[in-house]
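Take a look at the structure below.
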Amino acid sequence: MLKFFKNRRVMQEKIVKMFDEIAPTYDLVNRILTFGIDKNWRKKAIREVLKYSTPKKVLDVACGTGDMIEEWRKNIDCEVIGLDPSNGMLDIAKKRFPDVNFINSYANDIPFESEFDAISISFGIRNVVEIKKAIKEFNKALKKNGVLVILEFTKPKKNSSLTKCVNFYTNKFLPKIGGLLSKNKEAYEYLPNSIEKFYTADELKELLEKENFKVLKIISLNFGQVSIIIAKKGE
Ligand SMILES: C[S@@+](CC[C@H](N)C(=O)[O-])C[C@H]1O[C@@H](n2cnc3c(N)ncnc32)[C@H](O)[C@@H]1O
């Protein structure tokens, strides 16, 4: 049993170390690999939240270099706090946003209670080893009726021909180009492997509902490869 927990800790530390290593090239590689479309996905995720809530205080979990923080600030006047366990990613975020508060911590260890009107996590939850604990922490950190938005690569429900094309790009091209640009092949092989092992949007919905969230909307993007899930903290 002890070994199981130790393995999970080691696995999580390895993931964070990988982000420390790719931090300097993360933004550039993202823009090139997604042809800049990732920016539109983040914007859409935030605009969907704004249909249900006008948050004054937001926590961006797994904030990385701060792309989601940039999008929050473009779309609404609110206080945003960033949380991430990777010093490499946080150092870049702090330079981009000197006036934002950042916390070095894990999604499954959020040092706040009933504090936020909204929590966002974009392309972060797939990297969280203790995902159920993280969802409990989101619930704890949100105020009553607070909104959670998850933007993530999810396993598609059906394998249509277009999904197969997108998967081909992600599994074959992306690790090669990402590996070349970042000089870290392992990190860009991790991406398709982690998507393959991750949940479908419906499975994520189930996990959220078990932890007292009401899922308000699921939006499927990129031929089912990316999902936006909007959920509200239950009573
Ligand atoms: C792919 S980046 C996403 C960054 C940013 N949210 C974005 O949209 O570009 C994933 C981030 O998740 C962070 N991360 C990894 N494990 C985590 C955990 N257990 N809790 C919170 N963040 C984690 C990494 O350090 C990294 O910054």
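For all residues, glycine too, the Cβ spot is worked out from N, Cα and C.
Any TrEMBL annotation is an automated prediction that lacks curation.
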Exercise for the section: Pick the one from ASP77, ASP84, ASP109 that TrEMBL also lists for the S-adenosyl-L-methionine site with THR65, SER122. Expected result: ASP84
Fill in the blank from the handout: Around the recorded S-adenosyl-L-methionine site (THR65, ASP84, SER122), other residues with Cβ within 8 Å of the Cβ centre, ordered by sequence, are ASP60, ALA62, CYS63, GLY64, GLY66, ASP67, MET68, ILE69, GLY82, MET89, ALA93, PHE123, GLY124
Exercise for the section: Tell me, if you would, which residue among THR65, SER122 (binding-site residues) has the fewest other CB atoms within 10 Å in the structure shown? Expected result: SER122
Completion exercise
Sequence-ordered list of residues in the chain of ASP84 (S-adenosyl-L-methionine binding site) that lie 6 or more positions away and have a Cβ within less than 8 Å of its Cβ, or none, is VAL61, ALA62, CYS63, GLY64, LEU90, ALA93, PHE102, ASN104, SER105
Completion exercise
Once DSSP output is merged into helix, strand and coil, THR65 (S-adenosyl-L-methionine binding site) belongs to coil
